[in-house]
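Q: The structure is given below, and queries will be raised subsequently.
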Amino acid sequence: MREGGVMKKRLLALIVAFAVLTAGCLGSESKEVTLIVFHAGSLSVPFQEVEKEFSEYAERNLGIKVSFQDEASGSVMAVRKVTDLGRKADVIGVADYTLIPQLLIPNYTDFYVLFATNEIVIAFTDKSRYVEEMKSNPDKWYEILAREDVRFGFSDPNQDPCGYRSLMVIKLADLYYGKEIFKELIEENTNIYSNGTQIYAPKEITVNPGKIVIRPKETDLLGLVESGSIDYIFIYKSVAKQHNLSYITLPSEINLGDFSKEKFYGQISITLGSTGKTIKAKPIVYGVTVLKDAPNREVAIEFLRYLLSENGKRIFEKNHQDFLEPPIAFGNVPEELKPLVSIEK
């Protein structure tokens, strides 16, 4: 009997030890979260800094270890990963907020927040052809780009807002300067065309490779201009500054960075072959949302709360990107975010 009692005690001790060990494993597992973030390439630098700070904040204040699985792409592609490919994500951050109501609402999300701005510039290095002339006579930018020995680039308008915004900038230049700049730079070197103030970007774009280079997202062009493979790129001002590129600013009437010029910008629109959607030119505003079926929705909303706070603003402004004050939200805004935003109907 004594031996049987000892065996029972040992068995009970093993069961208790296993239960404690299992509970400990489950407990630590439940506190580790990976947020999946699909975002615009131009958000890469500030998002990485926000994510690093948020991870430290979450572990210290929420008791959660948060890691991030980031995928940078053109914003159109970021959205299509969800709508066309059925990919799961927690957070979507885009360089053109209108992609969210146009393509994600109501099936994939029910709210979005406008939070940051930007403008289009023309960036280059000391290796670029006619660089001194570009610096001293920036108003001649379209003449310099048109020269036979100059190559320039922009991102794919079917995948990336920076691409279709670059085309909008060039078409707006027609109106501002009273010259056929779009025809000379774009129509004579690609199958992209315009009819009046309407631009059409075919699903499959072809280019004269000796003149124009197109890449999926604007950050894919950085290495090409830095190496001297191409001379000039249309890119966001924040990205040019983050990567220490030289650049010229464009008139506010065409750079898509001035809210007071919204009516002038709105004369131009583009139809994308990739989505069939028509997008009207407007000031550049970034948008962010958490998807309805986000694998870690509660933590994703906490991340947005951190992003939209003074912490996110500080990081974005450090990285040369202006923050909306306050951010503007639409739709069924989560309660946690309401104190940080202005809610519009």
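Note that Cβ sites are derived from N, Cα and C of the backbone, with glycine treated the same way.
The signal peptide annotation in Swiss-Prot covers 1-27. Among the features that Swiss-Prot reports, tungstate binding site is placed at Gly41, Ser42, Ser75, Asp160, Pro161, Cys162, Glu218, Tyr236. Residues or ranges marked as molybdate binding site in Swiss-Prot (evidence: similarity to another entry): Gly41, Ser42, Ser75, Asp160, Pro161, Cys162, Glu218, Tyr236.
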Q: Can you name every residue in this chain, apart from Gly41, Ser42, Ser75, Asp160, Pro161, Cys162, Glu218, Tyr236, with its Cβ inside 8 Å of the center of the Cβ atoms of the recorded molybdate site?
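A: For the molybdate site, the extra neighbours are Ala40, Gly74, Ala95, Ser155, Gly163, Arg165, Lys217, Thr219, Val239.
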Q: If one looks at the chain holding Cys162 (tungstate binding site), which residues at least 6 apart in sequence have a CB under 8 angstroms from its CB?
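A: Those within reach of Cys162 (tungstate binding site), by Cβ under 8 Å and sequence separation of 6 or more, are Gly41, Ser42, Gly74, Ala95, Ile120, Phe154, Ser155, Lys217, Glu218, Phe234, Ile235, Tyr236.
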Q: Compute all pairwise C-alpha distances among Gly41, Ser42, Ser75, Asp160, Pro161, Cys162, Glu218, Tyr236, the residues listed as binding molybdate, and give the largest one in whole angstrom.
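A: Output for molybdate binders Gly41, Ser42, Ser75, Asp160, Pro161, Cys162, Glu218, Tyr236: max Cα distance 14 Å.
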Q: Can you check which residues sit near Asp160 (tungstate binding site), meaning Cβ under 8 Å from its Cβ, same chain, 6 or more apart in sequence, and list them in order?
A: Ala40, Gly41, Ser73, Gly74, Ser75, Val76, Met77, Ala95, Pro216, Lys217, Glu218
Q: What residues, ordered by sequence, lie under 8 A Cβ-to-Cβ from Pro161 (tungstate binding site) and sit at least six positions away in the same chain?
A: Ala40, Gly74, Ser75, Val76, Val94, Ala95, Asp96, Leu99, Ile284
